[in-house]
Each structure stands twice: as C-alpha cells, then as structure tokens.
Amino acid sequence: MVGKMWPVLWTLCAVRVTVDAISVETPQDVLRASQGKSVTLPCTYHTSTSSREGLIQWDKLLLTHTERVVIWPFSNKNYIHGELYKNRVSISNNAEQSDASITIDQLTMADNGTYECSVSLMSDLEGNTKSRVRLLVLVPPSKPECGIEGETIIGNNIQLTCQSKEGSPTPQYSWKRYNILNQEQPLAQPASGQPVSLKNISTDTSGYYICTSSNEEGTQFCNITVAVRSPSMNVALYVGIAVGVVAALIIIGIIIYCCCCRGKDDNTEDKEDARPNREAYEEPPEQLRELSREREEEDDYRQEEQRSTGRESPDHLDQ
C-alpha cells in the first residue's frame, strides 16, 4: 500500500514546486531607442505567493564585471541607483503586480549593452529568477574625419582614411571619386571601415574623393583633395622651406644684434648721466679774476667809509 502511494506523493511535490516556483521573463530580446530619448526595458515575474518581501534588481553585464543600474526593495520602495543612472532610472508603477520593468531616460551611447532583470522574493526562492534584454541605442554618425597616409608623389602608394568617432549601429562607409573636371571615376570599394589603397599613383590619380558614413539614424560626409606631384616639386618644396628657415634665422639674428647695441648705448648714456657735471659749477679763470677785483674794490670802499665816519664823529658830539 505504501509503495503504491510513492508516485502520488512525488506528483504532489512536483505540483507544489511548480506552483511556488517564480518565473522572470523579458518578452523582447533586443530593444532599439534613439539617443537622448527614453526607453522601457520590459520585465515580468510570476509567482503564486502573495508576499512581496524581497527586491527587484537591474544590472548591466559588462565583459569584466557587473554594473549596478538600480535596486528597488518592496519594503520601503526607496531607489538605490548605480553611479551612472542617478535620476535617470525609474521602476514600473505596477512593480508589486508582477511588472519589474524599468525606464531609462536621456539615453547615450554608453547605455548600449545587455541588461539583467532579477526578482528576489524571500517566500519564493525556487525557479527562474533572472532574465536578460539587449539595448541598442541609435546614434547618427558624427561627421567623419578624412585623411591621407603617405606622400602624394608619383609612383608612391597612399591610403585614404575615413572614420566617424560616434555612431550606433556602427556606421557603414562608402567612397566616390571625381577627377579635376568633376567627372565621377571608377573606384574599387574597400571593406567597410577599411582605408582606400591607391598604389603607384600618377597624375591621373589626382581629384576629389568623397567618403560617406551612414547608419539607420543618418548620414555624414567628408572629402579629400588628392594632388599628385612629381619628385622635383618635392625637392623644390624642401629647398623653399630651407631658404625660409635660413632667412628667418638671419632676421632673428639682426633683431638680437640691434637689441644688444641699443642696450649698450643706453648703459653708456646712464653712466654719463651719473658723472658730475663740472661745467655746471666751475667758473672760467677770467671770471674768477674779475670777481676777485670786485671784492677787493668793495673792501677798499668799506674801509674808506669807516675812516670817514671816524673823522666826523667828534663834530657831531660837539653839536
């Protein structure tokens, strides 16, 4: 009798586990949203328990580590944001009714990646508690930068490069070529993102090359003018540069020499100004002799006047 009951007991246990086991799902594998906009990452959970003691957690999965997006406890409903998601992430208003979705605002290219939704309930720890969704932020290509690698001299090999620093999905690149008469010319297309290789170039290689960078969000362009020259022109260019450098050095030398001479003249003038000006207070000998005679005459006059005064004094007393 007991042996016959074992299958029934196992069935009841299996049913109980199935009923209590939590199930977390993300209905979409990939979501697309434009840069600067908002996106809702959907996530739902199913459980037979009515208790909501636990939390909802979202993380971004990186190659080397996990980056926290947000933790939302059922008990106090207080957000615990990751550093890069403060004031940008909010949980669904129906979080307690099986909706664990989040909304991310102000999307940037850095938000590209895979996100994991996790629901943990203390009363239902069995089952599938996690699910993932990939977010692709759509960004139009930035204006590409065009460049030439190598010297545009007849017989050389050169490469034309084109690269947008931003763009999601990754921009696709294409090239067009026009001669100096603005007529489109054939051009072998490289693999997208690879440079255009031009080998053994000649004057026929000269012209305008236009690169187009595009994805589903937009298109941008850049262009290069290729002017192929002969080696003799290259030598003339170097000679011209050398002459210019020598001339500049000569001019600089002249300026330095003039400044030094001017400095010496200024020092000489300062020294002369510092010497006492003897002419200002030395009188010529003739003037000194004249002054001496005038002083002698003045002294004689005073002595004579004193003698005269002495003779007249008795008469004045008698009167």
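Along the chain as shown, residues are numbered 1 onward.
Any Cβ shown, glycine's included, is placed from N, Cα and C.
According to Swiss-Prot, the protein carries these features:
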type: COMPBIAS; residues: 267-295; note: compositional bias 'Basic and acidic residues'
type: COMPBIAS; residues: 303-319; note: compositional bias 'Basic and acidic residues'
type: CARBOHYD; residues: ASN112; note: N-linked glycosylation site
type: CARBOHYD; residues: ASN200; note: N-linked glycosylation site
type: CARBOHYD; residues: ASN223; note: N-linked glycosylation site
type: REGION; residues: 267-319; note: region 'Disordered'
type: TOPO_DOM; residues: 257-319; note: topological domain 'Cytoplasmic'
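Cα-Cα distance from ASN112 (N-linked glycosylation site) to ASN223 (N-linked glycosylation site): 30 Å (rounded to the nearest whole number). DSSP assigns ASN200 (N-linked glycosylation site) to coil, not to a helix or a strand. Counted over every protein chain shown, other Cβ atoms within 10 Å are most numerous around ASN112 among the glycosylation sites ASN112, ASN200, ASN223. ASN223 (N-linked glycosylation site) sits 21 Å from ASN200 (N-linked glycosylation site), counting Cα to Cα.
Mapped onto three states, the DSSP output places ASN112 (N-linked glycosylation site) in coil.
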